[in-house]
Amino acid sequence: MEKLILNQQNRPRLLEIIQYIKSAKNIVVIVGAGISVSGGIPDFRSPDGLFAEIMKQYPGVFSSGRDLFDLSRIFISSRSLTTFYKFMALLKQQVISARVTATHHHFAKLNNTNKLLRVYSQNVDNLEERAGLTINDCNNIRSSDRIVKLHGEIDNVWCNICHKTFPFSSDVINAFKDGTPPECQYCMEQAEKAKISGKRVRNPRSPMLPRPNILLYNDFERTVGEEIGRVAYHDQRKADCLLIMGTSLKVSGCKSLVKDFSKAVHNRGGKVIFINTTEVATNNWEGVIDVHIQGASDDWAELVEAELEKEPANKKRKRSCEDDGQKIKEGKLKKLANKDDKVVGIRQGQPTLQFKKRSNR
Ligand SMILES: [Zn+2]
């Protein structure tokens, strides 16, 4: 893995690397929290981040930042649930006041020149959407959608009773601020209809505890992994350049996604470019990442942008491949899987399946 600091001295080599982006037709980008920091969303685990603020107000409720995203910890007590809700209200407010960064604008420009296949984002903020990239529904990704939300999103709230989502509105923020669960509008409508028709309202087995549409640890009710596996499998048959930005590559799901895309890109003669301010262990990424450019993602975005601007207009590509807003075809995946099998991850370009026990007969 080549290492290069993003500075003026290395400019000639950096421009050579940018050639790979210029010649690519289907760029896949995998991003983490680092790209949103300059937009005003600092790492929530940083000393002045939201976790420190929550720890000050509610000492001893959660022992780590990870616990705040772990369903088995959140529902331990009413105090932990209240703390979780208050944290989510703060996070949502931070996202509302955040700014779209040069990196997010760069993704939109790559899309406008039809070079962008997809952004796989570990971020729950909505800065990619605000920059102009489209996403329809995390659970139903279409070919025209340019974003895959690996960890869900914070624009909506998911109801644990009816499994529908509704907007994370100011009313929901206020309910979370008070540490109370917001009311699901769909469940309330159902209850109202039942009341009018004189039917008895059946009490659901669990209390109504809507939560942000974020994927939490130990959340076995959500099946977004299957949708992500389907899209990644589709994209690995096209990707010819992989950019990894603003992530320290520690989350295991992200690691395997990078490795699978790297194989696909290398098979097509493309390059894997990693842009991040901090180092990663070289041993783990030899043969996976071609070059690590050490620097801020915004600085990289601006440099690439300036070079792409120099391209003559007739070289800018029109996307001829399917971009019709249709659901991505499931292809081989569905044929492999029994309807009761569960996709639990992605390995070597194919979703890994958890097979339901079958009888030997
Ligand atoms: Zn509901």
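Glycine residues also receive a Cβ, built from the backbone N, Cα and C atoms like all the rest.
Annotated in TrEMBL:
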- 7-311: domain 'Deacetylase sirtuin-type' (DOMAIN)
- H151: active site, proton acceptor (ACT_SITE)
- C159, C162, C184, C187: Zn(2+) binding site (BINDING)
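Here the features listed in TrEMBL are painted onto the structure.
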residue: H151; record: active site, proton acceptor; Cβ neighbours (10 Å): 19
residue: C159; record: Zn(2+) binding site; Cβ neighbours (10 Å): 21
residue: C162; record: Zn(2+) binding site; Cβ neighbours (10 Å): 17
residue: C184; record: Zn(2+) binding site; Cβ neighbours (10 Å): 23
residue: C187; record: Zn(2+) binding site; Cβ neighbours (10 Å): 18
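Report note: the Zn(2+) site is defined by C159, C162, C184, C187, and the residues of the same chain whose CB lies within 8 Å of the CB centroid of those residues, excluding them, are N160, I161, H163, K164, F166, Q185, Y186, M188, Q190, M208, P210. Candidate recorded positions: H151, C162, C187. Those with a Cβ under 6 Å from ligand 1, in sequence order, are C162, C187. With respect to their backbone Cα atoms, C184 (Zn(2+) binding site) and H151 (active site, proton acceptor) stand 22 Å from each other. Note: the Cα of the residue listed as 'active site, proton acceptor' and the Cα of C187 (Zn(2+) binding site) are spaced 25 Å from each other. Mean model confidence for the domain 'Deacetylase sirtuin-type' (7-311) is a pLDDT of 91. C187 (Zn(2+) binding site) falls within a helix when secondary structure is assigned with DSSP. Classification of C159 (Zn(2+) binding site) by DSSP places it in coil, neither helical nor stranded.
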